[in-house]
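The structure under discussion appears below in the form of structure tokens.
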Amino acid sequence: MDIKEDDESRVITPTELQLHDSVTARTGTLWTAVAHIITGVIGAGVLSLAWATAELGWIAGPAALIAFAGVTLLSAFLLSDCYRFPDPNNGPLRLNSYSQAVKLYLGKKNEIVCGVVVYISLFGCGIAYTIVIATCSRAIMKSNCYHRNGHNATCSYGDNNNYFMVLFGLTQIFMSQIPNFHNMVWLSLVAAIMSFTYSFIGIGLALGKIIENRKIEGSIRGIPAENRGEKVWIVFQALGNIAFSYPFSIILLEIQDTLRSPPAEKQTMKKASTVAVFIQTFFFFCCGCFGYAAFGDSTPGNLLTGFGFYEPFWLVDFANACIVLHLVGGYQVYSQPIFAAAERSLTKKYPENKFIARFYGFKLPLLRGETVRLNPMRMCLRTMYVLITTGVAVMFPYFNEVLGVVGALAFWPLAVYFPVEMCILQKKIRSWTRPWLLLRGFSFVCLLVCLLSLVGSIYGLVGAKFG
């Protein structure tokens, strides 16, 4: 039988979200904001930080981590001032999303550019997660093989991860039929717990390796390359990996919208950002520096799948299993906004088309007779998206290179350019004054770094594919 789209399954429009938000009680505090930020930034990106630190060396590696922390914190301060409009302290209009703020301050064209960058970033995360989950699944099998047959055994399990990527893609085709983001709270919670678990295991294993070695590995210049030009591009690729891990600009205004007042939301948000960035940086230092200190020039691109650790094999397996569970949920967290935007656009453009607007109900015995609602457009669109991300991952299964490209593409526009431009407009900073020059200079330097990181990451991606 067919069922008309009901309130639960349809896509909510921005106007309805704003009306719904206006009657929502805001009870958030400093510590809930800190928790939201930390949960949002601790993810698969931490697995590459040891490699990035190793490529940069003992001086440039920690310095880069601190520099990106400073840029992220400044971005958070600028963005938190844009939450209320037009006055940052008492403005009557609250902006509860990043895109909404960009549209109001910078106009429709900038909102479109912002949306394109966001969706490219989310798409890139889906590709990266597909690569990582295949690597981790294969690592679990190899770990058990090494434990049974010795560390010198031939445990290849094929020459690539394509089989595991296809399995993950099939799983995500099913998972992608979850109606919308509001039905995924449990999935996000599991993903957050898993990300912290495997990150702490990685730190613990690296620290144990340092104690076992009784020395700190590594050098000031980092891992040597074949020539100076090669080293330069790898360094910029490493910066792209760090850029992927740090920013939380996209979720900042949504978190700020949960805060109660007084005190003013921007004050609480700035304090929360400071605490969160401090914790984040300390955590990233542990992941990056402990990993490099443990393995030196042999630091793997992915700390938990490069087989620097063989024992305890059960703990290595458990860490990789946590990554798998995290990425099953994490893939959906990054994919659902793309699904929602595409479906909202098609529904608005073709409201009477049955293929797009009609839902069909089926009763499944396994669900105790409950009716499952399926929409043909949703099934086709989401399946096609999963197939594309899986296909790209199979074509370019290079973890660090893909992270570098995604990080370099998204960091400057989302964490620097838009916050700076909105701040200049909101505070009415006049051209060629000292604050204007400082903000524009800051934005320009970050742009140069991100462009070089993008070129370095693309160079590495092409080299890995065709070299």
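Even glycines carry a Cβ here, placed using N, Cα and C.
Summarising the annotation, Swiss-Prot assigns topological domain 'Cytoplasmic' to 1-29, 80-111, 253-274, 334-383, 426-443. What Swiss-Prot lists as transmembrane segment is 30-50, 59-79, 112-132, 164-184, 185-205, 232-252, 275-295, 313-333, 384-404, 405-425, 444-464, and the listing cites sequence analysis. Annotation comment: Swiss-Prot describes 51-58, 133-163, 206-231, 296-312 as topological domain 'Extracellular', evidence class sequence analysis.
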Kindly say whether the transmembrane segment (275-295) and the transmembrane segment (384-404) touch, using the definition of 3 or more Cβ pairs under 8 Å where each pair is 6 or more positions apart.
no
Under 8 Å, at least three CB pairs between the transmembrane segment (384-404) and the transmembrane segment (313-333) (pairs 6 or more apart)?
no
Outside the transmembrane segment (313-333), at least 6 residues beyond either end, the same-chain residues with a Cβ under 8 Å of its Cβ set are 43-44, 47, 125-126, 129-130, 132-133, 136-137, 139-140, 143-144, 146-147, 168, 171-172, 175-176, 178, 184, 187-188, 190-191, 194-195, 197-198, 201-202, 205, 304-305
Segment proximity, the transmembrane segment (444-464) to the transmembrane segment (112-132), 3 or more C-beta pairs under 8 Å:
no
Answer key: the stretch among 30-50, 232-252, 405-425, 444-464 with most Cβ pairs under 8 A to the transmembrane segment (59-79) is 232-252
What residues elsewhere in the chain lie close to the topological domain 'Cytoplasmic' (253-274), defined as a C-beta under 8 angstroms and at least 6 residues from its ends?
21, 26-34, 36-37, 73, 76-77, 79-84, 88-89, 94-98, 100-101
Residues from the same chain, set at least six apart from the ends of the topological domain 'Cytoplasmic' (80-111), whose C-beta lies under 8 A from its own:
14, 17-18, 21, 118, 249-254, 256-257, 264-266, 269-270, 273, 414, 418-419, 421-423, 425-427
Secondary structure content of the topological domain 'Extracellular' (51-58), with strand meaning DSSP E or B
8 helix, 0 strand, 0 coil
